[in-house]
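Participant: What follows is a structure written as structure tokens; I'll ask about it next.
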């Protein structure tokens, strides 16, 4: 027999056999001796760890409890216990979700940068603020930037949903992703300083003053980065956006946060200067009702009209021009997306290179422009790992050209045969006689015609006998294609749900999304801290009297 010394809700010694007792049994015994009505109202703690019932398969010895061990027993309300358990479960779920976000961003950035054939019907590409595709540094740099941007967009979505803690975690992941990129590549990308501002904004929304020293450093880096990207007078960003003034709300948030950090560091004059400047920008961002009504009267939605006026310094004519330009851009984007999806579906027909890369579209267009048949040119590029010159050599060599054509025809026949086999198996699974199915399918009719013919002569009893005899007709065995497989586009195991969520976040964004800030919370914060400064000034004035 072993002894356990219990303290807390009940004080005493319990004699028991450690090998035969479980946590649930010990909890029940302590509840009984302490007159607790329910065992689940008792918490047991040993060596700083809360003992859990588990599935009851482990005894106390297996849990590391020894003779003369001290157990602390505390009583909690059942509701409190359930609340704690729910909180732990929610935290575990949150951690799992964040891990999924990071894994999905990593997978997407890898697939869409290294030239692999997209599994999806879309392709993610890096663009500048003008909408042109850009190539940034090495493949590693491209992947790091793409991953950072995806995580940043997801974090902004979480901020909108007021999930500030989650947003901060995802922003931290985004910062880590950007850190993998060559610093020189990031010098003229404003996404990094904007991410820094968003991180400090999360600190503020969480009211976490422990981040104060880090916040100041982040804001300094953010200001340096924005001045480098936008120009000190914002001339560069306004030139890129055709005279539009998108940066006002972003700089207002930056100055607000600088004022908050200065206030908590005791730098009251610096805080007042920053907050006063932020307040002036906030006033500039307020949209007059008359201007809003005028733009909406032209058929635009309130949110779009308000956004256009804010980004164009309340100028009605420029706001309307901006809205029509945005409409044209959205239409063009839809057309481009359709073209890209068609292009991707076509690429999937060509298969992948030996290193699992997609056929290079631009090089394919060049070969087609020279006069080569598209499928032939695609196969030449595929087998030569997209090496244009080697592909051209193969195409201009009669012997290799002929071999490529034979290979294409062979794979075409195999694909057709696989389609026939799949149709046969589908029809047999419906109960039709296999030998009859093979004959009808080989007639080359449509699925509707095939079904009509089979149903006209269908005998359920005969079909059951034929398909359950264990001796299927031998015709099907003659339809199996050669085991040599053509180019593979096999799908890999992936988190489709999370990848689709990240893709949707990116799809909603445009060149001005980072500057399109709803400033209500910022306005409230400016007033709050200006009031604190005024209160401090009043106290100083009274003390000097």
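Cβ atoms are placed via backbone N, Cα and C, with glycine included.
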Participant: Looking at 429-465, 466-502, I want to know which stretch TrEMBL calls region 'Disordered'.
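Facilitator: Matching range for region 'Disordered': 466-502.
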Participant: What counts of helix, strand and coil residues does DSSP assign across the domain 'UBA' (358-398)?
Facilitator: 30 helix, 1 strand, 10 coil
Participant: Could you give me the DSSP helix, strand and coil counts for the domain 'Ubiquitin-like' (22-71)?
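Facilitator: Final tally across the stretch: 14 helix, 10 strand, 26 coil.
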